[in-house]
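> One structure, as structure tokens, below. Some questions next.
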């Protein structure tokens with residue numbers, strides 16, 4: 001029995017996978033920051049290693065490239081077998097066998113067709129023979145991947161440093177600013193025309209982000225971490241700057257996968273390869289030579305790598321982080337290809353409640369220990385929750401869910417004639 005998944009349900013499954021994988025990535029990263037392990041000198045030390053964490057993120061993206069070529073080789077073999085079987089029989093029988101075999105390939109790698117919209121054998125065969133970089137020359141694709149890599153490295157570095165300064169749930173809620181940058185940058189870069197409710201939705205999202213920011217700063221002071229208030233502000237500014245880089249990256253990825261028809265696994269995998277090279281050869285060594293409090297460096301390269309692999313509990317969190325980044329990145333770029341980069345940022349923002357619930361459960365499950373994990377609940381969490389609710393309202397208005405956006409702006413879609421009152 002073959003699968004028959006409609007495009008709508010396929011997109012819903014992708015969004016769900018993206019939200020869950022994104023929540024796992026943020027929680028595992030934050031928990032690893034709160035863990036202690038043996039360092040290279042045999043002493044116990046807190047594993048708040050932002051730059052090495054970026055390396056593990058890029059490693060997860062790199063795996064996508066291996067998956068892409070495995071998928072491509074398997075698809076070519078099955079398509080080749082189908083064509084060889086086709087030449088052995090009659091024309092009618094061969095066409096039927098080729099169609100069945102190629103349909104099996106589609107279903108094996110994520111079928112989205114319905115009975116009412118079948119793809120022809122010729123179209124599938126063309127997809128199999130298509131170049132890995134679409135209509136773009138390979139060297140131009142590599143240059144584009146390097147540009148995306150620089151944006152990704154800047155965004156990831158800002159994000160990982162911010163994770164040490166502010167709670168994970170707050171970092172994720174501040175990440176809602178990506179929608180603002182995606183929407184604004186899409187106007188000049190993609191020549192996208194905005195509906196009125198899309199602008200209103202962004203305004204509500206920005207208000208929700210601001211409320212969450214106030215709640216985060218006040219909550220830190222309420223927990224008697226007054227000395228960390230400047231650190232929290234620096235963390236917030238880093239997240240905002242990172243979201244600008246992230247928004248630019250999303251827009252450029254959307255343009256690449258849509259205009260050139262490149263597989264999301266290929267795009268994300270090459271980004272990961274370039275990121276790993278830059279991380280190991282530039283970012284981590286640079287953090288090692290800059291003076292700081294980590295054994296004389298901003299982050300001691302050798303010590304961070306030693307702690308990452310010599311402590312089993314830290315290694316397990318890093319492995320979970322790599323796998324979750326793999327699924328999160330792939331589903332995100334696929335959403336960009338099927339919908340828009342703005343939708344990707346919207347779906348990414350919706351993981352905040354999962355992160356908050358996971359961190360609270362973790363805190364109250366481990367608060368009997370000398371160093372509990374997670375985040376506690378305070379009265380200011382209500383303000384944070386309200387900010388998240390306002391952000392959800394902005395998402396609903398932006399997407400015009402059940403006509404809610406049009407009703408909120410008292411306007412119809414662009415080009416529609418306004419209805420006269422009856």
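Here the Cβ of each residue, glycine as well, is placed from N, Cα and C on the backbone.
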> Could you tell me which of the ranges 377-397, 398-418 is annotated in TrEMBL as transmembrane segment?
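Of the candidate stretches, TrEMBL labels 377-397 as transmembrane segment.
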> Thinking of Cβ pairs under 8 Å, which stretch from 12-31, 138-155, 199-218 has the most of them with the transmembrane segment (377-397)?
199-218
> Using a cut-off of under 8 Å between C-beta atoms, tell me which stretch among 51-70, 199-218, 310-333, 345-365 contacts the transmembrane segment (12-31) the most.
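Looking at each of 51-70, 199-218, 310-333, 345-365 in turn, the most contacts to the transmembrane segment (12-31) are made by 310-333.
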